[in-house]
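Peer 1: Sending over a structure as C-alpha cells; questions will come in a sec.
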Amino acid sequence: MSEKTCKSCRKQINDDFNVCPYCGAKVEENILNETISNNSENQKSEKSWVVCLLLLLFFGYIYIYKFYVGKVLEGFIAWIIGIAAIILCIVGMVSMDMDDNGIFILVLGLLLAAIYCLWLIIDFFAILIGKFKDKEGKYVVR
C-alpha cells in the first residue's frame with residue numbers, strides 16, 4: 001500500500017485518504033501543491049550558473065568547474081585523460097624518428113586530446129543552455 005505525507009502535520013497517511021486522520025487537513029491539495037513546488041525547486045542547483053560558466057571559460061582546460069559543481073570523479077578522469085594525452089603526444093613526437101610506433105603513440109595522444117576538448121565543448125554548451133547538472137542531478141541554471 002502506498003503512502004503520502006500530510007503537509008500540515010507531516011505524518012504518513014494512506015494514499016486513499018483525502019483528509020488527514022491525524023489533523024483533519026485536506027490532503028489531496030497539499031500533496032499536489034507540494035509536488036509541483038518540489039519539481040520546480042528541486043531541479044535547480046544551488047551552484048551559480050555565472051560562476052560555473054566563468055570557471056569553464058577561464059580555467060576550463062583544467063576542468064575546475066567540475067569540482068565546483070561537485071563532480072570530483074569526472075574532474076579527476078578529465079585530468080587523467082589530459083595528462084595521458086600530453087604524455088603520449090610528447091613520447092610520440094620524440095620517438096617518431098626512432099621507429100614506426102612513434103606515429104601510433106602520437107595519434108593515440110591526439111585522439112585523447114580530441115576527447116578532452118570535445119568533452120569541454122559539450123559541457124560549455126550544456127551550461128549555456130541550462131542542461132548542465134551538478135552532482136545531485138540538479139540543473140545549473142541562471
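Heads up, the Cβ atoms here are built off N, Cα and C, so glycines get one too.
Keep in mind that TrEMBL annotations are predicted by a computer and have not been checked by a curator.
This is the feature table in TrEMBL:
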type	residues	note
DOMAIN	6-27	domain 'Zinc-ribbon'
TRANSMEM	48-64	transmembrane segment
TRANSMEM	76-96	transmembrane segment
TRANSMEM	102-129	transmembrane segment
Peer 1: Please work out the helix, strand and coil residue numbers for the domain 'Zinc-ribbon' (6-27) from the DSSP assignment.
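Peer 2: Helix, strand and coil residues of the domain 'Zinc-ribbon' (6-27) number 1 helix, 5 strand, 16 coil.
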Peer 1: Report, as numbers and ranges, which residues of the same chain sit near the transmembrane segment (48-64): CB under 8 Å and 6 or more residues beyond its ends.
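Peer 2: Same-chain contacts beyond the ends: 74-75, 78-79, 82, 120, 123-124, 127-128, 130, 132, 140-142.
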